[in-house]
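Some features that TrEMBL has for this protein:
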BINDING   Asp26, Glu27, Asp120  divalent metal cation binding site
DOMAIN    20-211  domain 'RNase H type-2'
Amino acid sequence: MVRGDLFWGLQGALDRRGLGPVAGVDEAGRGACAGPLVVAACVLRPGDAARLPELTDSKVLTAKARDRVYDRIVKRAVDYAVIVIPAAEVDLFGIHVMNLEGMRRAVSALRDTPGYVLTDGFRVSGLPAPSVPVIKGDKAVACVAAASVLAKVTRDRIMGDLHDVHPHYGFDVHKGYSTTDHSAALHTHGPSPVHRWSYANVATAAAAHRVRPPHPVVLTVAALENPSVPIRALGPYVGNNERSAAGVAAESRGGARIS
């Protein structure tokens, strides 16, 4: 695993050794309790980092800067693909499983198979090319940073559209993350169909409002271990937890965001 305090030249080094084209992969929405998980893959030309001076981790850019960089990436990228995974799929298989699956789908959706894949922090099996995880890759590698911008801007726009359909929750502001205002809206209105019903705070709100999930739900480890969630109140859709679905230890970065 490559450390993220590396230089932006990692992609160029792989290209010079004939291991390109190099695809970067990143996601947006992993920690949200509503809305989709969005995963992007992006291939840039060697030297594009210098031609995209604002390019960095999407989370440290302002919304206007992200939109500006997004447009430049779309125009300049050799290839890119953006995959949208709805909340229902996250609820069925677990966030960790779908995060890795989303990375596989994004790389497979590229027009041409890359020579090498750089992922942001996660080791991903089943990719069509050799890969290496880069810790803080969205700050260290141009193509990963570009993927992070593509994923983040796409997801933010989706959350704006979902706000028009479900205006009570403020999706246009918090983008589905568990802020104080979002938690208050969940408490008042209960969850919407686009919430992640497998997350503990959403499951708690559903139980309080005596509503059942609109799709099959596989509760995460954190939700199952939270004693405030009356599991049986969620009805027959409740299935096995993420530990068995994902085949990973409970301390993985997946799971609930408990307000």
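Using the three backbone atoms N, Cα and C, a Cβ is placed for every residue, glycine included.
Cβ neighbour counts within 10 Å, taken over all protein chains shown, single out Asp26 as the most crowded of the binding-site residues Asp26, Glu27, Asp120. The residues near the divalent metal cation site, meaning same-chain residues not in Asp26, Glu27, Asp120 whose C-beta sits within 8 angstroms of the mean position of the site's C-beta atoms, are Val25, Ala28, Val39, Ala40, Met103, Thr119, Gly121, Phe122, Gly137, Asp138, Val144, Ala147, Ser148, Ala151, in sequence order.
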